[in-house]
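**Q** Pulled from Swiss-Prot, these are the listed features:
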BINDING   65, 67, 235, 310  Zn(2+) binding site
BINDING   65, 67, 235, 310  Fe(3+) binding site
BINDING   74, 137, 170, 238, 315  4-imidazolone-5-propanoate binding site
BINDING   137, 312, 314  N-formimidoyl-L-glutamate binding site
């Protein structure tokens, strides 16, 4: 073995009720970045051995929806909104999403990296080992590629796995004002082929909404993405029920995200597919929304529910995935087990890694979070304390610098 972790209380999150219950002290043997052994043997030959002294071990957390790479700051808009200034007026004054677009376009790759790393560090401190990162603040070929390159480069600076997603269909750039169909054609003809050829992303996302892109435009992007060998996912049913979730499910999309206005027909479409329902409680909270996602219907039809941070400067400036677990429980009434599975097992499925990440299981990637807590429910219950002891990513052990052993 390359690494042997002993005296670990495992929360494997394998299917079934026992997957959530902490085990008696066990050992985890890791070889070539994979979980090679799970059992009680503490004397296996290993290059490195660490006694965890009864600490709780879960799969590494997976943040399956973020907009982590961007430049600029929109805290002034936060103040304006709290003073009652409508979004339309904020946008007229140069704010809103286009202010982030302008800032991101002007920033170099080095500047984007410098601004992104502190946000990434926040996620890692909450136990994240895998993170999805979308483009969408460039809206030109050059700037979308710039964002994706910065996203991919993060794993060279931090111990983390990055899954880049192309979100050129995030907003209408000023150059295409009044010409949404032309912009969609530009994405399909100019951006997607280059991103696919250079392997800068594994999937393509679309903001399918009344203030974004309609169903026909979304399907045009989906069809193009699939033609280029890329998976699809969607921002759907956040502000209205357009049918974007059902469309995403029809294309066997990885996930449909937000879904506050999803109806029964949309839930049934998800149930007939492998598409995951991703809940984004941070945006719900920050925007003070009132329309709850249909949690009971999703449970009734057995649709897997992932949870993500949706880190972005406008609607979810939160860099702590355990805070999102707490919000999912308090705002959406998920159980702590559903919340933990939502940032591990189901988040892995939402990124296409259901057979390699999100569970502690032999043959799976050795991606682990090691905690100084008694029970997994503590992750959803308490926020703000230094609970993370260490992370393991592809078998590499990294102790959290803010946490000390007892």
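From the backbone N, Cα and C atoms, a Cβ is placed for every residue, glycine too.
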**Q** Just to be sure I understand the packing, how many Cβ atoms besides its own are within 10 Å of the Cβ of residue 238 (4-imidazolone-5-propanoate binding site)?
**A** 27
**Q** N-formimidoyl-L-glutamate site residues 137, 312, 314: biggest Cα-Cα distance, Å?
**A** 12
**Q** Just to be sure I understand: of 74, 137, 312, 314, 315, which binding-site residues have a C-alpha no more than 10 angstroms from the C-alpha of residue 235 (Zn(2+) binding site)?
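**A** So the list is empty; none.
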**Q** Reduced to three states, what secondary structure does DSSP give residue 65 (Zn(2+) binding site)?
**A** coil
**Q** Whole-number answer please: how many Å between the C-alpha atoms of residue 74 (4-imidazolone-5-propanoate binding site) and residue 314 (N-formimidoyl-L-glutamate binding site)?
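**A** Here the two Cα atoms lie 7 Å apart.
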**Q** Which residue, of the binding-site residues 65, 67, 74, 235, has its CB surrounded by the fewest other CB atoms within 10 A?
**A** 74
**Q** Determine which residues of the same chain, besides 65, 67, 235, 310, have their CB within 8 A of the center of the CB atoms at the recorded Zn(2+) site, and list them by sequence.
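**A** What remains near the Cβ centre is 66, 134, 257, 258, 280, 283, 308, 311, 312, 316.
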**Q** So if I measure Cβ to Cβ from residue 312 (N-formimidoyl-L-glutamate binding site) and keep only same-chain residues at least 6 apart in sequence, which ones fall under 8 Å?
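**A** Correct list: 66, 67, 70, 283.
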**Q** CA-CA, which of the binding-site residues 65, 310, 314 lies nearest residue 137 (4-imidazolone-5-propanoate binding site)?
**A** 314
**Q** Fill in the CA-CA distance, residue 310 (Zn(2+) binding site) to residue 238 (4-imidazolone-5-propanoate binding site), as an integer in Å.
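**A** Each residue's Cα considered, residue 310 (Zn(2+) binding site) and residue 238 (4-imidazolone-5-propanoate binding site) end up 13 Å apart.
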**Q** How many Å separate the Cα atoms of residue 315 (4-imidazolone-5-propanoate binding site) and residue 65 (Zn(2+) binding site)?
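**A** With distance taken Cα to Cα, residue 65 (Zn(2+) binding site) is 13 Å from residue 315 (4-imidazolone-5-propanoate binding site).
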**Q** Give the distance between the Cα atoms of residue 170 (4-imidazolone-5-propanoate binding site) and residue 314 (N-formimidoyl-L-glutamate binding site), rounded to the nearest whole Å.
**A** 13
